[in-house]
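S.K.: Starting off with a structure, shown below.
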Amino acid sequence: MPSSRRAILRHILSGICTKMNRTKSVPTDVMETPLNRCLNTFDIALLGIGHMVGAGIYVLTGTVAKEMAGPGIILSFILAGFISMLAALCYAEFGTRVPKAGSAYVYTYISMGEFWAFVIGWNILLEHMLGAASVARAWSGYVDSMLGGWIGNTTLELTGGIHEPGLAQYPDVLAFLVCIVYAAALAGGVKATAVFNSLLTLVNIAVMVLVISVGFWYADGKNWSEAEGGFLPYGIGGVIAGAATCFYAFVGFDSIATSGEEAKNPSVSIPVATVISLFVVTVGYILVSAALTLMIPISEINPAASLPEAFGQLNLSWAKYLISIGALCGMTTTLLGSLFALPRCMYAMASDGLLFSCFGKINPTTQVPLLNLVVSGVMSACLALVFDLAKLVEFMSIGTLLAYTIVSASVIILRYRPMERIHTTIRVPAVAGSPDDDDDDDEDEASQSSMDTSSPTSEMIEEVLAGRLKAQFRCLEPLLGRFEPGSVVSVAVMLFIFLSFAICVELKVSWTQLYTGTWWALIIYGFIIFAASTCVAVIAVHNQNTRGLIFKVPLVPFVPALGIFCNILLMVHLDAVTWVRFFVWVCIGMVVYFLYGIRNSKEGEVCSSYSILMTTSEAGKVPWGSFKATPGGKKSSKHTIFERFTGRSKPEDKKSIVEESENETSGYS
């Protein structure tokens with residue numbers, strides 16, 4: 001009897017593990033969607049710029065320059081922009097591979113499985129809610145500073161203030177109303193939103209150009225002199241701390257990938273818009289920071305409204321009011337970006353069955369998920385009402401960094417995974433009467449011609465060799481060649497993430513011992529670095545599968561691996577209380593997933609014939625705990641748990657590459 005109970009328990013647990021690790025199957029026509037495909041490259045680029053250029057440039061610039069880095073804020077923005085670019089390249093590749101709403105959630109679902117996809121999706125929801133709430137607080141605070149603090153003082157007189165740790169000093173009613181009003185404005189449809197966003201973004205860019213031009217005209221090099229503290233008054237540590245804060249200013253480019261399901265030609269628009277928007281924003285941040293710190297000494301910067309006050313000190317009142325208008329426009333576009341992405345992430349998760357089905361409905365008139373928009377607006381407004389801006393920003397960072405880490409890892413895993421069918425270029429139907437039809441057709445034809453350059457033989461060879469050792473490293477076959485193609489890379493990526501976390505913790509905890517050359521710290525640190533480097537080397541000796549990718553991340557696996565390390569480095573330096581809040585939010589998500597999502601997942605239904613991103617070996621596997629016989633009438637061979645995890649095959653099941661390629665050739669003929 002006890003043995004029967006153990007067998008039943010093993011059956012149940014193996015079934016749960018199978019469900020948690022199932023990957024998303026993408027239909028052949030990924031362009032089919034109930035959403036409105038009406039956005040061109042220009043619209044998407046301005047959406048990304050508008051989402052990034054807001055509170056970061058008008059609020060964080062003054063705070064970081066005065067309290068963290070001084071004029072070294074320029075280096076902080078360069079470092080933060082570089083780290084963001086590493087993640088943005090990975091988002092761009094995925095955006096061309098799978099042009100669906102949901103961003104990092106969808107990408108993780110395809111590559112790493114359902115459980116990790118839900119964790120990422122759940123945290124993306126929190127990220128965008130906190131992003132909208134934090135920008136609403138910044139918007140309100142900016143208006144309050146322009147009015148001399150009248151809003152804050154009046155609210156304190158009426159309510160008496162809030163005296164709880166972690167909460168704001170007073171309930172911000174204006175921030176609450178701003179979230180509600182802009183959420184209602186988004187209900188008009190994506191094209192109207194894009195036009196409104198584009199106008200505000202152009203105004204914002206014009207104001208940035210004005211700030212840079214006038215700022216450098218009135219620049220004084222003495223403000224960077226030793227008398228004022230020098231270029232790095234807080235040292236290199238201040239630059240790194242400033243970069244962690246400036247990273248918040250670049251949060252928002254993932255809204256470009258989120259808009260992939262509403263883009264006319266996502267395979268071209270997503271990567272182009274991502275690179276353009278991030279380049280423009282980084283250059284703008286660097287020049288504005290340089291202008292600010294050259295105009296006035298850092299000791300005279302007002303963190304609440306740094307740019308208007310700086311021009312006010314130079315008796316340029318006309319510039320002060322123009323900058324205030326640009327600041328409100330910039331923060332408005334950032335708020336619109338968060339409220340734009342949040343309902344679509346909820347829609348993507350609900351469409352897959354992981355969230356309640358009511359969030360998967362689209363209004364037939366506006367082609368917008370209206371219920372999601374209402375819930376998003378109300379929840380963001382409630383957060384903006386009672387929470388402090390600094391706490392919102394810090395809490396938001398951890399979810400963003402985790403999403404960036406998983407997306408970078410997913411790029412590596414999919415690059416080395418042998419695919420049953422390659423994700424080919426999709427012909428995008430032209431929109432009648434659109435002025436961009438000719439341009440889109442030219443882009444599509446160029447994309448198609450770039451896809452037709454390889455012969456069937458080269459395509460077959462690349463598919464067969466994907467995930468296997470390169471010819472020059474065949475000597476490692478006895479050690480690494482005994483596993484299924486792609487499985488060694490997946491394990492190496494997981495180990496690299498763990499070792500990167502260990503390196504970052506070691507840097508934070510034992511920095512003094514490392515700096516002074518303590519022998520035990522050097523040995524531990526050296527061993528961990530060697531192990532992490534070995535993981536990257538193991539990944540690099542395998543063949544990639546890049547067919548069907550119009551845009552590719554360069555230097556894989558090195559660029560995504562560097563992005564993983566940098567993101568983890570910033571995560572480790574977050575406050576411990578932030579980690580506690582993060583785990584509480586994740587625990588709430590686990591309740592939702594195990595009580596609802598795992599039971600209602602669409603991937604739990606009968607598998608469709610569309611499995612373009614599932615490996616051939618995975619498609620033929622029998623689920624854990626299943627007693628289903630194989631097509632030959634025999635029961636499937638037994639494997640240990642280790643073999644199931646690593647994908648290791650038994651010797652009699654292995655075939656040489658030559659035999660497999662011969663079988664593939666006969667299949668083509």
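Using the three backbone atoms N, Cα and C, a Cβ is placed for every residue, glycine included.
Unlike curated records, TrEMBL annotations are generated automatically.
This is the feature table in TrEMBL:
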TRANSMEM  41-61  transmembrane segment
TRANSMEM  73-92  transmembrane segment
TRANSMEM  173-192  transmembrane segment
TRANSMEM  199-219  transmembrane segment
TRANSMEM  231-251  transmembrane segment
TRANSMEM  272-298  transmembrane segment
TRANSMEM  318-342  transmembrane segment
TRANSMEM  370-389  transmembrane segment
TRANSMEM  395-414  transmembrane segment
REGION    430-458  region 'Disordered'
COMPBIAS  435-446  compositional bias 'Acidic residues'
COMPBIAS  447-458  compositional bias 'Low complexity'
TRANSMEM  488-511  transmembrane segment
TRANSMEM  517-541  transmembrane segment
DOMAIN    551-601  domain 'Cationic amino acid transporter C-terminal'
TRANSMEM  553-572  transmembrane segment
REGION    629-669  region 'Disordered'
COMPBIAS  640-658  compositional bias 'Basic and acidic residues'
S.K.: Please work out whether the transmembrane segment (370-389) lies in contact with the transmembrane segment (517-541), by counting C-beta pairs under 8 angstroms that are 6 or more apart in sequence and asking whether there are at least 3.
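M.R.: Stretch pair does not touch.
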S.K.: If you run through the domain 'Cationic amino acid transporter C-terminal' (551-601) with DSSP, how many residues end up as helix, strand and coil?
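M.R.: Across the domain 'Cationic amino acid transporter C-terminal' (551-601), the residues distribute as 40 helix, 0 strand, 11 coil.
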S.K.: Are there residues at least six beyond either end of the transmembrane segment (199-219) with Cβ under 8 Å to its Cβ atoms? List them, or say none.
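M.R.: Distant Cβ neighbours of the transmembrane segment (199-219) are 46, 49-50, 53-54, 57, 280, 284, 287-288, 290-292, 294-295, 307, 310-311, 314, 316, 319, 322-323, 325-327, 329-330, 332-333, 336.
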S.K.: Would you report the average pLDDT that the model assigns to the domain 'Cationic amino acid transporter C-terminal' (551-601)?
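M.R.: For the domain 'Cationic amino acid transporter C-terminal' (551-601), the model's average pLDDT rounds to 88.
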S.K.: Which range wins on Cβ pairs under 8 Å with the transmembrane segment (231-251): 318-342, 395-414, 488-511, 517-541?
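M.R.: Highest pair count goes to 395-414.
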S.K.: Please work out which recorded stretch in 272-298, 318-342, 395-414, 488-511, 517-541 has the most C-beta pairs separated by under 8 angstroms from the transmembrane segment (173-192)?
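M.R.: Comparing 272-298, 318-342, 395-414, 488-511, 517-541 against the transmembrane segment (173-192), the winner is 318-342.
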S.K.: So are the transmembrane segment (41-61) and the transmembrane segment (517-541) touching or not, going by 3+ C-beta pairs under 8 A with a sequence gap of 6 or more?
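M.R.: Counting Cβ pairs under 8 Å (6 or more apart in sequence), the transmembrane segment (41-61) does not reach the transmembrane segment (517-541), since there are fewer than 3.
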S.K.: Grab the same-chain neighbours of the transmembrane segment (517-541) for me: Cβ-Cβ under 8 Å, and only residues 6 or more beyond its ends, written as numbers and ranges.
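M.R.: Answer is 412, 416, 469-470, 473, 476, 480, 488-489, 492-493, 495-496, 499-500, 502-503, 506, 510, 557-558, 561.
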